[in-house]
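Copied from TrEMBL, the annotated features are:
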| type | residues | note |
| --- | --- | --- |
| DOMAIN | 114-268 | domain 'Pseudouridine synthase RsuA/RluA-like' |
| ACT_SITE | ASP157 | active site |
Amino acid sequence: MEIVWQTPANPPERHDYIFRNGRRHVRPYYFEFISHVKNRWAGKTIVDLFAEEFKGRPYEYYVSAVKCGRIQVDGQKVPVSYIVKSSQKISHFLHRHEPPVLALDVSILNKEPDVVTVCKPASVPVHPCGQYRKNTVVGILQADYNLAPLFPIHRLDRLVSGLLILARNASKADIFRQQIEAGKVQKQYVARVIGVFPEYEKLVDVNINYNAREGRSTAEAGNSSSDTTLKGKAACTKFTRISTNGTHSIVSCEPITGRTHQIRVHLQYAGHPIANDKLYLSKEVVDRSTEGMSADKAAANSDPSLSSNFGQICSCENEEYSSEDFSIDPMCTNCPNLAPKGYDGHEEGLWLHCVRYSGPGWIYECPYPDWASLG
């Protein structure tokens with residue numbers, strides 16, 4: 001079999017995707033990862049460099065990859081004892097497996113000459129990052145609608161759904177960027193939270209400190225007269241209750257600033273975390289049962305609608321697939337599984353949805369999700 005190596009220049013195509021059990025998979029493909037030797041890497045052997053910096057694969061794999069040319073330096077095969085030098089180009093030719101996402105459409109809301117707005121499904125990243133390249137909003141729009149290039153003008157976390165604005169050229173993206181940086185853009189989200197949220201408008205003005213190692217943020221309550229120095233960044237969010245059924249509330253969220261996980265953390269700080277937010281319902285992993293849980297967590301699990309939207313998305317095992325689905329690579333540490341190792345199979349979306357962005361002379365909106373109705 002002739003191996004065709006892809007690079008970031010190869011666009012996603014419709015036949016790249018496999019739809020199974022409520023999930024969108026990407027057919028594993030051969031990909032050239034390119035990096036350049038950093039100063040702190042210089043002086044190490046090529047094998048030791050990979051084993052120390054990229055610990056997702058065993059040492060023996062890197063030995064074999066160097067010997068057979070799957071790892072090259074400046075486009076050439078090298079011995080396993082090769083000492084790398086600063087700024088050299090390193091290529092790792094890999095059988096790439098992307099994590100699956102929920103098999104929900106990226107629906108186009110508006111298409112203008114210089115702007116496209118879409119409703120982003122939960123679980124789908126906006127742009128290539130980490131293990132994701134084709135299973136992204138940008139990748140799917142290119143594959144399904146041949147829309148490229150696209151420039152996302154704001155962030156939406158992977159598990160958040162709703163309105164996403166994409167400029168179709170760099171100059172339009174720069175106009176949006178300037179308006180956002182000048183504080184001329186207003187944002188509105190809707191969330192489904194635990195408990196009866198206060199009827200009156202609530203403003204949470206509390207610093208947020210993001211811990212990249214843990215992947216979570218914390219609210220830092222304090223004031224200028226306190227002896228404790230606040231490490232977080234200033235953050236402010238306005239909340240307004242839309243409705244409640246006594247167990248959950250639907251809340252309008254208007255972030256004044258734009259910190260990582262800001263709405264999620266401020267809702268937790270207010271005592272009403274997002275009802276299916278495992279990260280901020282508890283510091284520990286949320287137990288599926290209610291035994292030993294806090295009242296908040298118990299209330300979240302007691303509502304049968306909690307899994308109504310995503311319950312049909314199966315909790316996937318790491319299924320094996322045949323050569324009819326994709327080519328099995330004998331050196332690949334993920335084959336014959338379709339999903340990469342470490343994917344836990346419990347992919348859900350947060351009950352947090354972007355509904356509106358507005359700025360000088362423009363407004364873009366997105367329909368409310370089904371879970372925003374408490375009827």
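From the backbone N, Cα and C atoms, a Cβ is placed for every residue, glycine too.
As the structure is a computational prediction, the values presented were derived from the model and not from experiment.
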- Query: Does DSSP give the residue listed as 'active site' helix, strand or coil?
  - Reply: coil
- Query: Over the domain 'Pseudouridine synthase RsuA/RluA-like' (114-268), what is the model's mean pLDDT?
  - Reply: 93
